[in-house]
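To start, the structure under review is shown below, and the notes come after it.
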Amino acid sequence: MHRLRVLRHLKFCISTSHRTTVVLKNTRSFCNNIPSTSFASEAAAKYEKKSPTEHVLLRPDTYIGGVAMREDQIIWLRDSENRKMIAKEVTYPPGLLKIFDEILVNAADNKARDSSMNRLEVWLDRETARISVWNNGSGLPVEIHPTEGIYVPTLVFGNLFTSSNYDDSEIKTVGGRNGYGAKLCNIFSKEFIVETVDTRIKRRFRQKWYDNMKKCNEAEVVEILDETVKDYTKVEFVPDLERFQIDKLSDDVIDLIGRRVFEVAATLPRDVDVYLNGQKCDVDGFEDYVKMFNDSSSLLFLHPTPRWHVGVAKRNNFFGESHVVLPKIVSFVNNINTEKGGSHVDYVMDKIVNIIKPIVDSKLGDPTKSVKPAVIKNNLSIFINCLIENPSFESQTKETLTTKAKNFGSIFECDAKKTAEWAEQSGLIEDIVEEVLNMKKKKLPGKRVSVSSVRDIVKLEDAEWAGITGTAEKCTLILTEGDSAKALALAGLEVLGRETYGVFPLKGKLLNVSNLDDARASKNEEISNLLRILGLKFEDSNSITRESLRYGRLLILADQDEDGSHIKGLIVNFIHKFWPSLVHTDGFIQSFRTPLLKAKKGDKVRSFFSMNEYRKWADVEEGGKWKIKYYKGLGTSTSNEAREYFSDLDHHTVNFKYTGTTDDDAIRMAFDRDKSDERKEWIRRSENEITNEDDGKTEISYQEFVDGQLMQFGMVDLKRSIPSLIDGLKPSQRKILWTLLNNMDESTEIKVSQLAGAVAHRQSYHHGEESLVRTIIRMGQTFCGSSNLPLLQPIGQFGTRHEGGNDAASARYIFTALAPTTRLLFPQADDDLLQKNVEEGMVVEPTWLCPIVPLILINGTEGIGTGWSTKIANRNPIDIIDMIRRKIDSISTEYEIPPFYEEFRGKLEVVTPTKFISSGKIQLIRPERKNASTFSIEIVELPIGIWTSKYKEKLSKIVETLPVLEFSERHTEKRVHFRITLDRKKSSRFLQKSNSDLLNYFKLRTSLTENRVLFDRNGELKEFGNISEIAAEFFEVRRDLYEKRLKIQKEECEAKLIYVENQLNFIEMVTNGTIEIRSMGRNQLEEKLQEMGFRVDPMATIAKNSKKANYGYLLEMPVSRLTSDEMKRLEERKSRRRTELEAAESADWKSVWRSELDKLAEAVGNNRKS
């Protein structure tokens, strides 16, 4: 008992006190003696703690942009011989370039801190891979940090999250921000050396780290006696090439390092000389750098303030006599190459476009026509070098600026007159006008495929050029997931225009056509519409080309969740099944990706396209709270966000790429019904593999898509379709039940429609309230063939067996509540012991609930998921209760229990341990008189799962061939009763038939085969051979939970006893004068109580309520309680508490479990009587 109290006190200290370290040190030996529970090894395997350095090495893409080779990338490099920039294909590991860039930008940043800096040197040794960066100007202070107790350079270069840039109230125009920088280079290096001179105190500092910053030598600090030595800083490192999957520095890597050195030489002020391997970089400022891309005669250069240097050129241009297509964006912020642009590029580009647009519009000759901004932007190449105050970037790789324009710290004033003159003289205006006019002309000469063929497809927004010979290939059909996604796409067309983009919304999921022929597929309305919209024909399956279609490309706009991935897959499968050549054409099918969630803090906004990407970021994000908004459905995005997405189409579009027959095999495996065994193996494999979430790729093979996004859908689909062995529930059922258990008592009634809304809100459910309504109703149905132990009460019309429950009343008119047996199945004492899930930052339902009997065997289940299906029949609750009793008593349970359905009057026959025959009930009513002319047949029960209305359709066809004199139905709400009166002479053969023959003739027999597939306690899919195996696994989990419950109950009883004892002792000491309340302050009293062995509030401690874990329960007692009468009451309460503790100490899991089983069995019996 004493140890447990110490442990609770330790937990309190950890959460509230700065004395944590001391407490931990003093109690380490005690903690080591605490026995592990049965969950310890499982928890250790599942949860790991990594140091910051280990996390950087384990997840490098979060910090440095990835270590894998990026192949065949088009990069503009310097041609030193001809003094110009040229586009070249290179292959390189981006992370290696990033760690070099961190050191280079650090050196360049020193110019902003010390204007006297005038030299930066980079040395690169190809053979040893040793790189050094040296700069003059003020070095780092060579002093001991007063708080950390180590030298400042050691702190800055060898400890993550250290920076001089954290104070956002101080205006800075440097590249560093988050305290990673040079430390990342240190972590990814075999050797890392820092040397700096601080002439203020005449000290030189040198320190060496190695083995990925895991080890370092002592800092060498020497006094400088030479007065001529100036301040400098030098960083020298040898990158750990193995971590970048290379063994030496390739020509491409060396060229890219040289490019960055050259870029810094161009972006730094002109008074800073930059050298590479002793050779001065031959560039005279940013304007000179821009001229290396383009003839200076066709270049506009704007330099309104020292913080803004902007070059503008036509994208299609000439360098001398050579035609070149210039890069769309070349931009730098505080010497950082922002390769993907960002808010600074948008800011400058919009100002330039606003000047050029009116000029173009005036020359079009038609006041009703206007050039789209996107057309102008596509004709411009823009070069920017700017200084931004305290910049924010999309990620640590700093490729995209996210700072809002109002926070730039300066304004770019675009010279309108100079810009307009340049646009005219360079021929830009003429080029744009010609392009716009040609667009219009292209509508006329081509022959249009019949427009009337699609005019009746009401929801189609057809592209203006769709079906026109010569232009249709350029058209893209955006296929959206429903009407809300269509609205998003239409907002995007404001940016893209309607000439080449059409939109068509799909009604949910497309049909899986894998096992359909042309005729059957074309009968589907959705597929028929797509054939007409796209201009597809089944007979052209081998010869069809993009040029022959109405649209040359498909762009799928679906939700960013798993169901969205499934929709993409079904569309891919549709095209692949009938026109594989189109799938083999790269770029015919594209996917549009939107953020799954956004994080916002002040002006900063971060977008994430997958939970994996978000988690990596969240793991390392430091400081401040971010507001998270989830975009589970496309309808969540606003029209402004839609325009933002479509303005950056390249970033939001993913091309499907065909890489060979493995892609064909992957598509067939995912969708062909004959490939179920392969899908099972695929799913098994996925449980042990990390799937490829959207990692920012703009191109993906079909196999990557199947093994990544589709695999994730498969796992989610299985979890929706197949229940947990532990509670017998699927996720939606569990969310519904937990909402009621956690928020309402058994007597509370709630409208079904309101309950669905509450579940969606409280349990983070995103699949529509209609789906929840259907599940709630099923959970409350009591007719034969539904649940043996319904978890909810059906208050109102929840449907009957005649329609299989589909005749339930509207959710607005019916109510529900917990069924009387539900709390007996799920004891409230377990609620706080269950492991809760967290979704969207909110604590929701547990991973599984834990009933006192395996509910899956009582209520059964049925479900079909990806690759796997499950079917388990209902069984008698009393039989299952008896089986668990036998296991408690260690009596063998290696036997099968036959299926059982409440109120079923037919027969269930066992064929094999997993196969059963369900027979209805038929009665031959023989005539009482020998000469009677008629006799009757009555059908009074149907096989399990056969509903009355469906059977009536079948029966009607049977009796059509019989001499029926009368056919009547006498059903009640719960009973089936068909009566057929036949002519005796014409139907005498029936009088000779056995009951078995009659059952067969009237199709009153069905087979039921069990396929016992369930998720186990760890969430892994498992197939069980018999129900004893299911019961055995359930038993272990339930027993462990009882032991955990009893342990906690004992601790609570101890806490209650200590609470009363302490109050009693306190009152006694106050009344006898041992404690003088009046002469001491609160702090003195608390210290006194601690010295005397009083505990802080034991009830608050065990409840982990740190705010109340103090001495308030003693010191804040009213004076009226400090009496002998109160002491008597407390003595009585103490006696009761001691009795409760003794009962808790003597209780064992077997007796508690038996007691709860008895109560459940009694309730089941009472239900049957009623």
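Each residue, glycine too, has its Cβ placed from N, Cα and C.
It should be emphasised that the depicted structure is a prediction, and the values quoted were computed from it without experimental measurement.
If you check Swiss-Prot, you get these features:
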type     : residues                                  : note
ACT_SITE : Tyr813                                    : active site, O-(5'-phospho-DNA)-tyrosine intermediate
BINDING  : Asn106, Asn135, 163-165, 176-183, 396-398 : ATP binding site
BINDING  : Glu481, Asp559                            : Mg(2+) 1 binding site
BINDING  : Asp559, Asp561                            : Mg(2+) 2 binding site
DOMAIN   : 475-590                                   : domain 'Toprim'
DOMAIN   : 722-1157                                  : domain 'Topo IIA-type catalytic'
SITE     : Lys509                                    : site 'Interaction with DNA'
SITE     : Asn512                                    : site 'Interaction with DNA'
SITE     : Arg679                                    : site 'Interaction with DNA'
SITE     : Lys680                                    : site 'Interaction with DNA'
SITE     : Lys730                                    : site 'Interaction with DNA'
SITE     : Tyr765                                    : site 'Interaction with DNA'
SITE     : Ser771                                    : site 'Interaction with DNA'
SITE     : Arg812                                    : site 'Transition state stabilizer'
SITE     : Ile864                                    : site 'Important for DNA bending'
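Feature map: annotations from Swiss-Prot on the structure.
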residue	record	DSSP class
Asn106	ATP binding site	helix
Lys183	ATP binding site	helix
Lys509	site 'Interaction with DNA'	coil
Asp559	Mg(2+) 1 binding site	coil
Arg679	site 'Interaction with DNA'	helix
Lys730	site 'Interaction with DNA'	coil
Tyr765	site 'Interaction with DNA'	coil
Arg812	site 'Transition state stabilizer'	coil
Ile864	site 'Important for DNA bending'	strand
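The CA atom of Tyr813 (active site, O-(5'-phospho-DNA)-tyrosine intermediate) is located 17 Å away from the CA atom of Ser771 (site 'Interaction with DNA').
Minimal Cβ crowding within 10 Å, among the recorded positions Lys183, Lys509, Lys680, Arg812, is found at Arg812.
The Cβ neighbour count for Asp559 (Mg(2+) 1 binding site), using a 10 Å radius over every protein chain in view, is 24.
Between the binding-site residues Glu481, Asp561, the minimum number of other C-beta atoms within 10 Å of a residue's C-beta occurs at Asp561. All protein chains included, Tyr765 (site 'Interaction with DNA') registers 23 other Cβ atoms within 10 Å of its own Cβ.
Its Cβ placed at the centre, Arg679 (site 'Interaction with DNA') has 19 other Cβ atoms within 10 Å. With a cut-off of 8 Å between CB atoms and residues at least 6 apart in sequence, the same chain places Ser732 near Ser771 (site 'Interaction with DNA'), listed in sequence order. The Cα of Tyr765 (site 'Interaction with DNA') lies closest to that of Asp559, out of the recorded positions Asn106, Asp559, Arg812. Measuring Cα to Cα from Ile864 (site 'Important for DNA bending'), none of the recorded positions Asn106, Asn512, Asp561 fall within 10 Å. Looking only at Cα atoms, Asn106 (ATP binding site) sits nearest to Asp559 among the recorded positions Glu481, Lys509, Asp559, Lys680.
Take the recorded positions Asn106, Thr397, Asn512: by the count of other Cβ atoms within 10 Å of each Cβ, the lowest one is Asn512. Straight-line distance linking the Cα atoms of Glu481 (Mg(2+) 1 binding site) and Asn512 (site 'Interaction with DNA'), rounded to a whole number, equals 16 Å. Here Arg812 (site 'Transition state stabilizer') is positioned 29 angstrom away from Asp559 (Mg(2+) 1 binding site), judged by their C-alpha atoms. Cβ crowding, taken as the number of other Cβ atoms within 10 Å, peaks at Gly181 among the recorded positions Gly181, Lys730, Tyr813, Ile864. The Cα atom of Thr397 (ATP binding site) lies nearest to that of Asp561, taking the recorded positions Asn512, Asp561, Arg679, Lys680, Arg812 as the candidates.
Nearest to Arg679 (site 'Interaction with DNA') in space, judged by Cα atoms and limited to the recorded positions Lys183, Lys509, Asn512, Asp561, is Asn512. Between the CA atoms of Lys730 (site 'Interaction with DNA') and Arg812 (site 'Transition state stabilizer') there is a gap of 24 Å, rounded to the nearest whole number. In this structure the alpha carbons, written CA, of Asn512 (site 'Interaction with DNA') and Asp561 (Mg(2+) 2 binding site) are 19 Å apart. In three-state terms derived from DSSP, Glu481 (Mg(2+) 1 binding site) belongs to an extended strand segment.
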